[in-house]
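Here the structure comes first, spelled out in structure tokens, and everything after it is commentary.
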């Protein structure tokens, strides 16, 4: 082969064409990056409790990934298209792996996780008085907290997680724009939707594996291997439980490092799929001008590459369909990102599930149908050769149907769990209170209890109390998780008639109706996910077909940039800040400061969590309608031109299309 010849798509690499090898490698890269992303999204609640930080700060950590992506996306999309794209993707996978490794580092620096408790070393006592008048034996220390807090190594270690997330975002940057544009450049037009469907399928399989891994890790205690089962006095459903969040991200680091290896051995460019050696000269003209068209282009300096940057940017800004599609993406992605980031927390708080169960249910009910929907949408686009106007119509109406079904989620609700002083009075009357002083009542006022600590017990009257002291319990028997608190005056004050007024560790279980509502919510989520995924491929093809061949790589990059700046970064932050406003009981840090939220007002939480995405998505149908109008007008004008053209020209154009 001559030095100036390009590698041909028909050349075999391990019995597979090089384009197919690239497709497989890119699918694995998408699987690795989405697996890491899904794992991190589902573990933010564990990180929140590990470092005792509010949901708004968790939102900042979540958004830091998009900041890392933002730092490079425009330059990688534009300059990367002129360089060796597979090797840049390989480098990105390596950086992504390093970011995952950095995220796990705080666990090894943090030391042992201390469970917030009103009684230290609970497992070592057999009979211990709890409610003693004018004593505070079970409150947090008042003289030593500052010293103890100084000794605590993990107060700011969450910064490592944030920096690791930034690095992870930087590493992920080249995978989508360069990978998609490489496929688009060298694939047949009729094969492109199917190849993109394969990529989107990988983006569903990856999160599915990530959620399964997260479910497994969340079931393990954070200090697994160094803490025995007998030392753990809480269960996985307890608000203070922290799973082994660091373990899965190490696995993700290894996977991303491995999937980047094949890209180092792939060529810089290929001949367009299906073209023969004889037509190679013609194929060079069809390959995107931004690619390696001749030997001299590889020697061009950065100035020559950059001189067309502003003209390309202006051309994109003057493309109405492209700009409106960015508006749709920002609104839809804001809603989607906020919901996904806090969905595990929503299932935990609304339906009383453990983090492990919540993550597992999200993965099982949503991701398989998303995979089927993406794949079906791609096959449909390929089989019927849908044009851009038809694709826009399909995406609009299918998405609108799913949006209307979404509102049924407001009816899948659970009754508020009764917690004395927070959601009910000590007499059992329903009343939501955000004030701390409502935790005190006549039955515990003389006990000198700490109001800061969250150490819930379930009375045999079915009401949860914030701590054994606030339940008015005078004694206890048993050890470890089997401790029973007895002579609880507040349990008796609720009108519960029994000789034995006692309480056990943990919150009271949700009623059976709550499990039924959870299944309704998950089934509704399954149906909505499937319908939405059917609209995803037609919608994405509207984006790709609205761009000229030479604009695709840069256009996809700017599209990703906008979605991160206006959606990916701010969305988790304001979602988290709004969720924080619904907190009824905050946890306490070692030094006495405010920690992570332990319990929320689930009614207000539900309205905010479901209502904000509904508003954002509703607004997105305004630019969607405008795109339909523009494409319809464009299609009509093209038909008029065709009708007014000479018959010979019509025949020639129709033959070219065929």
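The backbone N, Cα and C atoms fix where each Cβ goes, and this holds for glycine too.
Among the features that TrEMBL reports, domain 'Major facilitator superfamily (MFS) profile' is placed at 22-636. For 437-492, the entry in TrEMBL reads domain 'Kazal-like'. Per TrEMBL, the feature transmembrane segment maps to 21-40, 60-81, 88-110, 156-182, 194-222, 242-266, 321-343, 358-380, 392-413, 517-542, 554-579, 607-631.
Sequence-distant contacts of the transmembrane segment (392-413), counting only residues of its own chain at least 6 positions beyond either end whose CB sits under 8 Å from a CB of the stretch, comprise 350, 386, 517-518, 520-521, 524-525, 527-528, 531-532, 534-536, 538-539, 542, 606, 610, 614, 617-618, 621, 624-625, 627-628, 631. The average pLDDT for the domain 'Kazal-like' (437-492) in the predicted structure is 84. By the Cβ criterion (under 8 Å, sequence separation of 6 or more), the transmembrane segment (21-40) is in contact with the transmembrane segment (88-110), since 3+ such pairs are found.
With a cut-off of 8 Å on Cβ pairs spaced 6 or more residues apart, the transmembrane segment (242-266) and the transmembrane segment (321-343) reach fewer than 3 such pairs and are scored as not touching. A contact links the transmembrane segment (554-579) to the transmembrane segment (607-631), because at least 3 Cβ pairs that are 6 or more residues apart lie under 8 A. Same-chain residues lying 6+ beyond the ends of the transmembrane segment (321-343) with a Cβ under 8 Å from its Cβ atoms: 41, 44, 55, 59, 62, 358, 362, 542-543, 546-547, 555, 558-559, 562-563, 566-568, 570-572, 574-576, 579, 609, 612-614, 616-617, 619-620, 623-624, 626-627, 630-631. Same-chain neighbours of the transmembrane segment (607-631): 320-321, 324-325, 327-328, 331-332, 334-336, 338-339, 342, 346, 388-389, 392-393, 395-396, 399-400, 403, 406-407, 409-410, 542, 575, 578-579, 581-582, counting only residues six or more beyond its ends whose CB sits under 8 Å from a CB of the stretch.
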